[in-house]
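Asks: What follows is a single structure, and I will ask about it in a moment.
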Amino acid sequence: MKTNNLGYPRIGSNRELKKASELYWAGKISADELLDAGKEIRLKNWYLQSEAGVDLIPSNDFSFYDQVLDLTLAVGAIPQRYHELAKSNSSLDLYFAMARGSQKNGQDVVAMEMTKWFDTNYHYIVPEFTKNQKFELFSEKILNEFKEANAVGIKTKPVLIGPVSYLLLGKEKEEGFNRIDLIDALLPVYFEILEKLQIENAEYIQLDEPFLALNLTDKERNVFTKVYNEINVRFPKLKIVLANYFDCFGENLETALALPVDTFHLDLVRCQLQLDDILESGKLASNVNLSLGVVDGRNIWKNDFKKSLELIKKAADALGENRILLAPSCSLIHSPCDLDLETNDQTLTPEIKQWLAFAKQKINEVVLLKQFASGEVNPKNSADYERNVIANENRKTSKLIHNNEVKARTAGITAADDKRKSAFASRRKSQIKALNLPLFPTTTIGSFPQTTEVRSWRAKFKKGELTTEQYNDLIEKETEAAIRFQEETGIDVLVHGEFERNDMVEYFGEQLDGFTFTKNGWVQSYGSRCVKPPVIYGDVSRPNPMTVKWSKYAQSLTSKWVKGMLTGPVTILQWSFVRNDQPRSETCTQIALAVRDEVVDLEKAGIKIIQIDEPAIREGLPLRKEEWAKYLDWAVKAFRISASGVNDDTQIHPHMCYSEFNDIIQNIADMDADVITIECSRSQMELLDAFANFKYPNEIGPGVYDIHSPRVPSSKEMVRLLEKASAVIPVDQLWVNPDCGLKTRHWNETKKALIEMVAAAQEMRKAVENPVTE
């Protein structure tokens, strides 16, 4: 029996990668210094896993931005718009330009599209493919990192995304072909990579093929068969670990089991039943091993050793111990680094802390499970086992978790609780009369730049270095400055800027019962952006208003409307580490009731427009389409519960991003929002087609510029996007806004971009009022 790890967090236990990357982008450190910071993180990760006793330690799981972008560079799939830039820049700067866009030395290129990695809160950079796409080995990162580990005496298992999933992760940038047909052009580059690794004596290679958990066409399944047979013919001595995670193989199981690989990795956290399916199928070849993903790589709860050992015993009895590998369910990039860094009992109480395990602890759990399953019992690990059993039993019975009032309120929800008082057509008349907004009303999506100064105020306040009065005074001044800037710029519906908020989920979690927090529980969201998800450990309720004070203050400063800003129940759920002792739908409904109470209180305080951010509704979709309807039913209902306690003339704005809407457009309509704002600019308004084809009746604010890039777009660019939008959506339904909140941007670029955005809206109004006649 061996231990296997699929990937380890690359941000560094103290977010060293974030700090180094941002210093490099700001021109404050050299490329060599950034590369050294990356190397130091890799070495620490390898040593940690080696010392813990991991047999198959991954390499190439490190990335300066994103593992999919790494592979795009490795196989030379560099979009045409970066070719000129590639001539005059290092491959590192080319890489970051592809991720972030670039406006340097007279060059102006937009970033590649970014979207969610399956149903996680990680984002990847979407590969772009053309009909005659050429591939060539461009970067040897995979080989270099394998050699780097070898140089310090650590034999690793290189990890790369498998060729079929890589193509399926991408997007066709022109019509007339299917990206899966590029497989014959792509495979030779994979062969070249595998050849180089074989020459360097690599024994195991992990190929991640998570699309095997999705609904595939017969053609796509046939491509899997072709690819892995070819790899086996060319590299019969390489031990290929084929990793599937996040769900079952489903109808792809027969195809998968026929592939000539050394080991199949199974996610037994998300899909425990597949172990029985495989063992009972009789189709697992006698020379093929199973990697059992029994430790949850995506959540932070301590493993239940008793349950895991039952699964391991079942597999070992059927196949023999020598054919079993033990592993986390997926890469640990979705877990925080180290629970040992949580030393503040006020932030995370000892009772809750004993229920948790982060990446370092999960590695130890995998190693301990191997020892127990192999009969390697000693006094130390016996004590570890006993502690695990006690912690899990304690969690089941803890009074911290259960609130009977919350359970009763949730059970008492009626059909009327998730419906507005009137239909949209009637509400719209009330809102037009009450709000009196122009055509193409302009707004932003909530947050404004959080400067180092603003963040330092919050840190000082938390440390007790600022009094509540001093802190509030500073936030008031910053809020007033934001209101005045928006008024001067000519924005129609203002926001208060969210300067008091650390994170759009954490801020609410800090004020809700049933949530707790970590001090250092950071995980990578994209690039250098890390998030510290709250921990939902028990029943959720709202003891006090959460946002009313600041929204009310901002509204008192201006005669224009100020939006209330809330995070929706599904997003709070999706972006938290969620308790695993009850259905997610039940936890979501509890959160929805808490948000509903806040919406009602905002309305009472005179706030007539309330944004409820739900960027995560689509990412919560199960990977398999046959399970979508059940999820969408409770997710949409939770949103409606949160939004339906107000009068007709109060306008509800959900904000959604990273979304393809075609296949869930009916469910979006079922949310019954007054105005939906969506991320649109990177896709050049393609996303609007779904709304147009559906004849979506409500109002829409398609994002007109990409806030994930520092690039400042011109008003002409935004006018072009608005013209595209107005070609498919009636002009009296269109709003004008950025893609997303502006928290991570700098004030300089934000001000310039919003001035351009308002100019674009004004130009569109003129065009409608004075149409050009042929």
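Here the Cβ of each residue, glycine as well, is placed from N, Cα and C on the backbone.
Just lifted these from Swiss-Prot, have a look:
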type	residues	note
ACT_SITE	His708	active site, proton donor
BINDING	Arg15, Glu16, Leu17, Lys18, Lys116, Arg529, Cys530, Trp575, Glu619	5-methyltetrahydropteroyltri-L-glutamate binding site
BINDING	Ile445, Gly446, Ser447, Glu498, Asp613	L-methionine binding site
BINDING	Ile445, Gly446, Ser447, Glu498, Asp613	L-homocysteine binding site
BINDING	His655, Cys657, Glu679, Cys740	Zn(2+) binding site
Asks: Take the C-alpha atoms of Ile445 (L-methionine binding site) and Cys740 (Zn(2+) binding site) and report the distance between them in angstrom, rounded.
Replies: 5
Asks: Counting other Cβ atoms within 10 Å of each residue's Cβ, which of the recorded positions Arg15, Lys116, His655, His708 comes out lowest?
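Replies: The recorded positions Arg15, Lys116, His655, His708 were compared, and Arg15 has the fewest Cβ atoms within 10 Å.
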Asks: Which of the recorded positions Glu498, Glu619, His708 has its Cα nearest to the Cα of Glu679 (Zn(2+) binding site)?
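Replies: That would be His708, the closest of Glu498, Glu619, His708 to Glu679 (Zn(2+) binding site).
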Asks: Quick one: give me the count of other CB atoms within 10 A of the CB of Glu679 (Zn(2+) binding site).
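Replies: I count 25 other Cβ atoms within 10 Å of it.
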Asks: To the nearest whole angstrom, state the Cα distance for the pair the residue listed as 'active site, proton donor' and Cys530 (5-methyltetrahydropteroyltri-L-glutamate binding site).
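Replies: Between the alpha carbons of the residue listed as 'active site, proton donor' and Cys530 (5-methyltetrahydropteroyltri-L-glutamate binding site) there are 14 Å.
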Asks: If you measure C-alpha to C-alpha, which of Leu17, Lys116, Glu498, Cys530 (binding-site residues) come within 10 angstroms of His655 (Zn(2+) binding site)?
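Replies: The binding-site residues close to His655 (Zn(2+) binding site) (Cα within 10 Å) - there are none.
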Asks: Looking at the binding-site residues listed here (Arg15, Gly446, Cys530), whose Cα lies nearest to that of Cys740 (Zn(2+) binding site)?
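Replies: Nearest listed residue in space: Gly446.
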Asks: Let me know how many other Cβ atoms fall within 10 Å of the Cβ of Glu498 (L-methionine binding site).
Replies: 23
Asks: Could you state the CA-to-CA distance between Leu17 (5-methyltetrahydropteroyltri-L-glutamate binding site) and Ser447 (L-methionine binding site) to the nearest Å?
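Replies: Per the Cα atoms, Leu17 (5-methyltetrahydropteroyltri-L-glutamate binding site) and Ser447 (L-methionine binding site) stand 25 Å apart.
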Asks: With H, G and I counted as helix, E and B as strand and the rest as coil, say where DSSP puts Leu17 (5-methyltetrahydropteroyltri-L-glutamate binding site).
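Replies: Where Leu17 (5-methyltetrahydropteroyltri-L-glutamate binding site) sits, the three-state DSSP reduction gives helix.
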Asks: Taking only the binding-site residues Gly446, Ser447, Asp613, Cys657, which one has a CA atom nearest to the CA atom of Arg15 (5-methyltetrahydropteroyltri-L-glutamate binding site)?
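Replies: Closest candidate to Arg15 (5-methyltetrahydropteroyltri-L-glutamate binding site), judged by Cα separation, is Ser447.
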Asks: Please list, in sequence order, every residue of the chain apart from Ile445, Gly446, Ser447, Glu498, Asp613 whose Cβ lies within 8 Å of the Cβ centroid of the L-methionine site.
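Replies: Leaving out the recorded residues gives Thr444, Val495, Met504, Met565, Gln611, His655, Cys740, Gly741, Leu742, Lys743.
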Asks: What's the CA-CA gap between Ser447 (L-methionine binding site) and Cys657 (Zn(2+) binding site) in angstrom, rounded?
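Replies: It is 15 Å, counting Cα to Cα.
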